[in-house]
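Engineer: The structure's right below; bear with me while I get my questions together.
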Ligand code: SF4
Ligand code: ZN
Ligand code: ZN
């Protein structure tokens with residue numbers, strides 16, 4: 001196949017846009033698309049300092065490279081944030097993730113902060129898996145959200161960007177419908193404004209598929225970690241995994257399925273959910289961060305207490 005724009009050999013087919021693209025034109029198209037998405041959804045309006053969550057995988061390292069160019073153009077300061085979750089399971093997953101994140105920060109000359117949760121909070125995600133009943137990915141997600149929010153604020157950032165891609169968001173949309181979880185759907189936005197003590201969050205890759213971010217990372221020779229988390233098989237349980245696989249099969253049959261699903265949800269359905277009452281927020285008595293439903297202690301501190309107290313009572 002030949003590139004639609006220049007007739008050189010094509011490396012990727014963008015089915016829904018009816019395009020075949022060569023290396024050069026794919027990079028141009030991909031970067032433009034993210035920039036347009038950022039502008040359309042006003043993601044960087046008012047942003048002075050942007051924190052980027054970098055795990056070392058293909059999506060977050062791609063995000064870091066693309067946002068570095070955009071931030072330079074717009075005169076926005078950048079800081080990278082990487083969490084060492086303490087996931088090892090004999091595979092050194094977290095230390096490998098941190099190594100790849102640091103490689104990218106240094107390659108681009110971006111300031112960064114690494115937070116080791118064992119040192120800062122006294123537990124690892126591996127310990128959480130065995131010491132509390134909650135599914136490990138749920139504890140991990142809670143930890144990442146909390147630590148990223150806190151670290152971004154401490155670094156003086158007013159906005160936090162994460163690498164959620166089109167496949168992730170498609171899965172959240174359909175899972176939200178499947179579970180009738182209107183509150184989650186109402187909150188599922190590419191831009192969550194700064195409010196109630198939280199900083200602004202953005203998802204610049206929410207219209208970019210996993211195939212596109214992977215291709216970008218490979219073509220640009222971005223160093224990233226291929227290894228999967230050893231807890232991956234626990235992500236969201238079987239139903240969510242099946243929903244994700246089904247969406248990807250639909251995308252093969254109907255090119256553009258994911259973009260239509262997510263874009264129509266965001267542009268046409270989510271605005272109708274504006275009146276859904278938001279959670280009432282309180283202030284955590286332990287750490288001072290916001291709490292949901294006016295609780296005295298935030299979910300992270302409650303989980304951390306369980307983990308650290310149990311470790312003390314039962315050091316095995
Ligand atoms: Fe965390 Fe689960 Fe993702 Fe592993 S698979 S990084 S435990 S959320
Ligand atoms: Zn071309
Ligand atoms: Zn707290």
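Glycine is no exception: its Cβ is also placed from the backbone N, Cα and C atoms.
Note that TrEMBL annotation is computational and uncurated.
According to TrEMBL, the protein has these features:
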type    : residues                     : note
DOMAIN  : 2-27                         : domain '2-thiouridine synthetase TtuA-like N-terminal LIM'
BINDING : 3, 6, 22, 25                 : Zn(2+) 1 binding site
DOMAIN  : 50-224                       : domain 'tRNA(Ile)-lysidine/2-thiocytidine synthase N-terminal'
BINDING : 53, 54, 55, 59, 83, 163, 168 : ATP binding site
BINDING : 284, 287, 298, 301           : Zn(2+) 2 binding site
Engineer: Enumerate same-chain residues with a sequence separation of six or more from residue 25 (Zn(2+) 1 binding site) and a Cβ-Cβ distance below 8 A; give 'none' if the list is empty.
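Structural biologist: Looking at Cβ-Cβ distances below 8 Å from residue 25 (Zn(2+) 1 binding site), excluding near sequence neighbours, one finds 3, 4, 5, 6.
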Engineer: Could you find out if DSSP has residue 53 (ATP binding site) as helix, strand or coil?
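Structural biologist: SS state of residue 53 (ATP binding site) = strand.
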Engineer: Counting all other Cβ atoms within 10 Å across every protein chain shown, which of the binding-site residues 3, 287, 298, 301 scores highest?
Structural biologist: 298
Engineer: Which bits of the chain, at least 6 residues beyond where the domain '2-thiouridine synthetase TtuA-like N-terminal LIM' (2-27) starts or stops, bring a Cβ under 8 A of a Cβ in it?
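Structural biologist: Result: 211-212, 215-216, 219-220, 255-256, 259-260.
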Engineer: Just checking a number: largest C-alpha distance across 53, 54, 55, 59, 83, 163, 168 for the ATP site, rounded to a whole Å.
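Structural biologist: Between the outermost Cα atoms of 53, 54, 55, 59, 83, 163, 168, the distance is 20 Å.
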Engineer: What is the separation, in Å, between the Cα atoms of residue 168 (ATP binding site) and residue 284 (Zn(2+) 2 binding site)?
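Structural biologist: If we compare the Cα positions of residue 168 (ATP binding site) and residue 284 (Zn(2+) 2 binding site), the gap is 30 Å.
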Engineer: Of these binding-site residues, 59, 168, which scores lowest on Cβ atoms within 10 Å?
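Structural biologist: Per-residue Cβ counts within 10 Å for the binding-site residues 59, 168 bottom out at 168.
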Engineer: Taking only the binding-site residues 55, 163, 284, which have a CB closer than 6 angstroms to any atom that belongs to ligand 2?
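Structural biologist: If the test is a Cβ under 6 Å from any atom of ligand 2, the answer is none.
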Engineer: Report the binding-site residues (53, 168, 287) that meet this criterion: Cβ distance to the nearest atom of ligand 3 under 6 Å. Use sequence order and write none if nothing qualifies.
Structural biologist: 287
Engineer: In the structure shown, which of the binding-site residues 6, 22, 53, 54, 284 has the fewest Cβ neighbours within 10 Å?
Structural biologist: 6
Engineer: Between the Cα atoms of residue 298 (Zn(2+) 2 binding site) and residue 59 (ATP binding site), what distance do you get, rounded to the nearest Å?
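Structural biologist: A Cα-Cα distance of 29 Å.
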